[in-house]
Amino acid sequence: MTITITNIKRVGSEQTESLTIENGLIKGWNLPAEGEIFDGQGGTLAPALIELHAHLREPGQTEKEDLASGLAAASAGGYGTVVCMPNTRPVIDDPALVRSLIEKARGLGFARLRPAAAVTKGEKGEQLTEMSYLKEAGAVMFTDDGLTNENARVLRLGMEYAKSLGMVISVHAEDDALRAGGVMNEGPVSESLGLPGNPAAAAAARVARDMEIVALTGARLHVQHLSTARELDIVRDAKRRGLPVTCEVCPHHLDLTDESLRTFDAMYKVAPPLRTRADADYLLEGLLDGSVDCIATDHAPHTRAEKERDLLDAPSGIAYIEIAFPIMWTRFGERLGLEKLIDLMTAGPARVMGWPEPSLEAGAPADMVVLDLETEREVNPAEFKSKAKFTPWQGQKLRGFPLLTVVDGKVAYRRE
């Protein structure tokens, strides 16, 4: 199959060029047009984005999302690869389930699926999974995300097992006892609203503990969704000590704060919770100075009925994978710059995983996205590919929407 994308620009260039793709690989730049031709409309060509943290809800919770809707949403957001979390029903802790998900996703024609598998059976925090068989089946990461690895000894054993396989463990780092019952960040806003708070110390204490387990084992650890300044300081210190630690930040922890909860709207309820503007600004500095390795969304869809419940009862999570890049480009593009932002959403995740960094040179795999960096569009969740057709950014005007996403040399998304 041959595709030519015309009328595009490279990152950092104003020159209009074309790119030809053949049999899943980049054939070259500015060659005679052949095959199916797509007009890039003057957009900027970048490697397809990589998502290390998404909840696709299949199997068992497909009323919230499924592989087809979640991967279609990812493709519409410019993503070429998605690592799905294992906190499904049943939990992704069986090699046969890993293989089944990969095979099903392959036939959908959207973003590439790379399943994460659980560290412990059933994510119960007790008995380790058969990590070697899960890796052989295609699992790319181990995590009990959704739970918090309360048992330090089990986490240590899991990290040692993962290390022997050359794999990374990813952690949702919050202390369950400290965060118990909290529905939002503990601070002046929660106090003024009379809502139970989840203190920043719950996240910081768990990250600090986990850094010591890294020091003990020498195993690679990836810390999910930093939300506080103190967590970032702890990770920075671990990196200065030479520990094999990486971390991610989510757009919602940069753009939204606990002030949003003044509406008592559970759409803003996430775990870890939205923190203060000072925390968000500090995390942005971590992106700028390289302390934070990558951006991930923690795409976590729920049904509208669930998110319309009282704050105390509603589940945590925001789903917005198809507008993640526009949020980051519109809100923080001026501070970060395009090259840095693209790196944080492509090469950064690849480095965390130990994958080859994406390339747009001849011979490289044809995973790419054409981005419209200039045109403002109003966010309309009714147009989302995701089943979660609601978002905190509804009605806001953003720039940076994908025009075309190509995965393995095939069109996975094209904006109509």
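Positions of Cβ are set from backbone N, Cα and C atoms, glycine also.
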Please pick, from ASP145, ASP255, ASP258, ASP265, the residue that Swiss-Prot records in the Zn(2+) 2 site together with HIS172, HIS225.
ASP145
In Swiss-Prot, the Zn(2+) 1 site includes HIS53, HIS55, ASP145. Which of ASP281, ASP289, ASP293, ASP298 does it also list there?
ASP298
The substrate site in Swiss-Prot lists HIS55, LEU56, ARG57, HIS302. Which one of ASN23, ASN87 belongs there according to the record?
ASN87
Identify all same-chain residues not among ASP145, HIS172, HIS225 whose C-beta atom falls within 8 angstroms of the centroid of the Zn(2+) 2 site's C-beta atoms; report them in sequence order.
HIS53, MET85, THR143, GLY146, SER170, VAL171, ALA173, GLN224, ALA271, PRO272, ASP298
Taking only C-alpha atoms and a 10 A limit, tell me which of ASP145, HIS172, HIS225 are near LEU56 (substrate binding site). These are the binding-site residues.
none
I'd like to confirm something. Which of the recorded positions, ASN87, HIS172, HIS225, ASP298, HIS302, has a Cα closest to the Cα of HIS53 (Zn(2+) 1 binding site)?
ASP298
Chain-mates of HIS53, HIS55, ASP145, ASP298 with C-beta within 8 Å of site centroid, Zn(2+) 1:
ALA54, MET85, GLY146, HIS172, GLN224, HIS225, ALA296, THR297, HIS299, ALA300
Any idea what the Cα distance is from HIS302 (substrate binding site) over to HIS55 (Zn(2+) 1 binding site), rounded to a whole Å?
10
